Amino acid sequence: MVARTALGVSAYVLCSSLMLVANKVTLSLMPLPAIVFTIQLASAAVFIWFCKMLGVLSVDEISLHNVKLLLPYTMSFAVGVYTSGKSLEHSNVETVIVFRSCAPLLVSVIEWAFLDRMLPSRKSTCALVALVLGAIGYLLADSEVKLQGVQAYAWLLLYLMVISCNLTYGKLVTSRVTFESPVWGLSLYTNLLSCPWMVLLGVFNEEVFEIDRFQATSKSLAALAVSSAIGIGISWSAWNCTRMLTATTYTLIGVLCKLLSVLVNVMMWDKHASPLGIAWLVVCICAGTLYEPAPIRPTPDGSSKGLV
């Protein structure tokens, strides 16, 4: 069980660390988030379905019952993905990480309010606060925050709120939906059902009328292909971790992944972190090791039951 959890978390760390940078590169070449993400989601759904047809993967059949149950979640998922893209479009990677770092604080409160968990201990609360302060310190030490006014902050704040609610809502979904192959089944449903929502977001924000901005060059298509491949990996590893970990622990690991994204981003663009920036990075990592997930609230008979 420990080895399986470690493997699943490692896969998620790898995919999540690369996903943010890959999307930033892709969106810099193709500044149309809805179209880019629709292609990524459709690619993942087609890949899973094709592997199912070949007998490589065991994936549940599409059922109307599960579609109805997952449709609201896939809407919030699509909004979360889209707002992350708009945040990357209007700001830099480090700024997105700072806002993303606040998610564990919100998620821990939502878990307490809706998922029958106690509030984090004093030690864990200090760890979460230290993580946020560390991310902010890194941002101030090693990057130039160039936001495009109120619009950028609006997208970032919306992204923070949506992702915090979405991460905890994912726990409720996994507890209510039964699959013979839960991880790949959830991945197929999530990617497939999110496509229509993403198209609607593109129509709502009039991206579909700016298709001429979709530059199909060899470089942009390569970036899109790489980001789509990483998306397939994260669609499996994210659901795998969601089922094995508490929402706050899962969110915290996601934040640490984003810090690794900064390192990848620095190496890709021939930039180097200052000693002060590296020190703040160490603060974030140490804070992550000090965090302990809050326990389930005891039932009247004194017992408790929950996820790792």
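Just so it is clear, glycine is given a Cβ too, placed from its N, Cα and C backbone atoms.
Taken from TrEMBL as is:
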DOMAIN    12-291  domain 'Sugar phosphate transporter'
TRANSMEM  6-22  transmembrane segment
TRANSMEM  34-57  transmembrane segment
TRANSMEM  69-85  transmembrane segment
TRANSMEM  97-115  transmembrane segment
TRANSMEM  121-140  transmembrane segment
TRANSMEM  152-169  transmembrane segment
TRANSMEM  189-209  transmembrane segment
TRANSMEM  221-239  transmembrane segment
TRANSMEM  245-266  transmembrane segment
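With a cut-off of 8 Å on Cβ pairs spaced 6 or more residues apart, the transmembrane segment (69-85) and the transmembrane segment (6-22) reach fewer than 3 such pairs and are scored as not touching. In summary, the transmembrane segment (6-22) does not lie against the transmembrane segment (152-169): fewer than three C-beta pairs, each 6 or more positions apart in sequence, are under 8 Å.
In this chain, the transmembrane segment (34-57) lies close to the transmembrane segment (189-209): three or more C-beta pairs between them fall below 8 angstroms, excluding pairs fewer than 6 positions apart.
Outside the transmembrane segment (221-239), and at least 6 residues removed from its termini, the chain residues within Cβ reach (under 8 Å) are 8, 11-12, 14-16, 18-19, 22-23, 25-26, 29-30, 36, 39-41, 43-44, 47-48, 174, 182-184, 186-187, 190-191. In summary, the transmembrane segment (97-115) does not lie against the transmembrane segment (189-209): fewer than three C-beta pairs, each 6 or more positions apart in sequence, are under 8 Å.
Beyond its flanks by at least six residues, the transmembrane segment (245-266) meets 5, 9, 12-13, 16-21, 24, 93-94, 96-97, 100-101, 103-104, 107-108, 110-111, 115, 117, 120, 128, 131, 135, 138, 164, 167-168, 170-171, 272-273, 281, 284-285, 288, 291, 293-294, 306-308 of its own chain at Cβ-Cβ distances under 8 Å. In the predicted structure, the domain 'Sugar phosphate transporter' (12-291) carries a mean pLDDT of 82.
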